[in-house]
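Participant: First, the structure itself, so that you have it in front of you.
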Amino acid sequence: VRGAWKMEGYVEFLALLVSALVVGFVSVIFAVVWVFQYRGGLSWDGSAQEFNWHPVLIITGFVFIQGIAIIVYRLPWTWKCSKLLMKSIHAGLNTIAMILAIVSVVAAFDFHNASSIPNMYSLHSWIGLAAVIFYALQLFLGFAVFLLPFAPVSLRAAAMPIHVFSGLTIFATVIATALIGITEKLLFSLQNPSYSASPPEATFVNCLGLLLVIFGALILWMASRPHWKRPPEENIKVLQPIGGTPEGTEAESTVTDGSNANKSELKMNSEAARKQNFKLDEAGQRSTM
């Protein structure tokens, strides 16, 4: 497997990665400071402080952790790790993001119900709930098709482009929904002075929105560059019938006394197996939620 030092544009990738991590972490800090400095902190009692869990968990899980999950395959230092391990990490990060998103939605509904505020009336709530549902579906299908070993290669090949596209679409949708949500919160909460008067809270939260946009742009850029994909693994074992032997072991040793034609046929079969193995890598191993 190629090392990190052989990655095309390694310095650029490293700069973007560090920038994304810093911007994402600062976004989480901004969300926490916002709810403690201006919104009264956090609690779980049906009050406005319970609602404050909503923006904190959405930005932490649905934005920051999901963004890291998207690019985890691109980290060149992990290319020496098994793909099963990397798929497990990818799925685990997305599972954590899903749990935090569900808790944040519960907090919002609890607050609305306790305060007699109607649910699901705003564009933010419509898009947000749709994003959570599609994200759950994306996670379930990712487990079933790409992580568990039961799906055939043809199904993985057909599902991978949809999986990648839908994952990036959901991530971009979450960023847009978060921007709508924080703007909606400021419009409802800031009365004296109003949002239009640009009080300190409004300026601070607007800066949070800019950080979310920058983080989303960095993640989408890194995820969309084809030369930063995890390279196909140069496996010692190639695809073969059950009971067969890997290339370069017993099968090759049995033809040392054979004719040149037999050797040539073995090489052709090995090359065909490599190509089939590469297709498997493309179909099932380099998927991105």
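Keep in mind that glycine also has a Cβ here, set from the backbone N, Cα and C atoms.
Copied straight from TrEMBL:
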COMPBIAS  251-263  compositional bias 'Polar residues'
COMPBIAS  264-289  compositional bias 'Basic and acidic residues'
DOMAIN    19-224  domain 'Cytochrome b561'
REGION    239-289  region 'Disordered'
TRANSMEM  12-36  transmembrane segment
TRANSMEM  56-77  transmembrane segment
TRANSMEM  89-109  transmembrane segment
TRANSMEM  129-150  transmembrane segment
TRANSMEM  162-182  transmembrane segment
TRANSMEM  202-223  transmembrane segment
Participant: Compute the average pLDDT of the predicted model within the domain 'Cytochrome b561' (19-224).
Facilitator: 96
Participant: Would the transmembrane segment (162-182) count as touching the transmembrane segment (56-77), if touching means at least three Cβ pairs under 8 Å and pairs must be 6 or more apart in sequence?
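Facilitator: As far as Cβ distances go (cut-off 8 Å, pairs 6 or more apart), the transmembrane segment (162-182) and the transmembrane segment (56-77) touch.
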Participant: Which sequence-distant residues neighbour the transmembrane segment (89-109)? Criterion: at least 6 residues beyond either end, Cβ under 8 Å.
Facilitator: 44, 50-51, 53-58, 60-62, 65-66, 68-69, 72-73, 119, 128-129, 132, 135-136, 139, 142-143, 147, 288-289
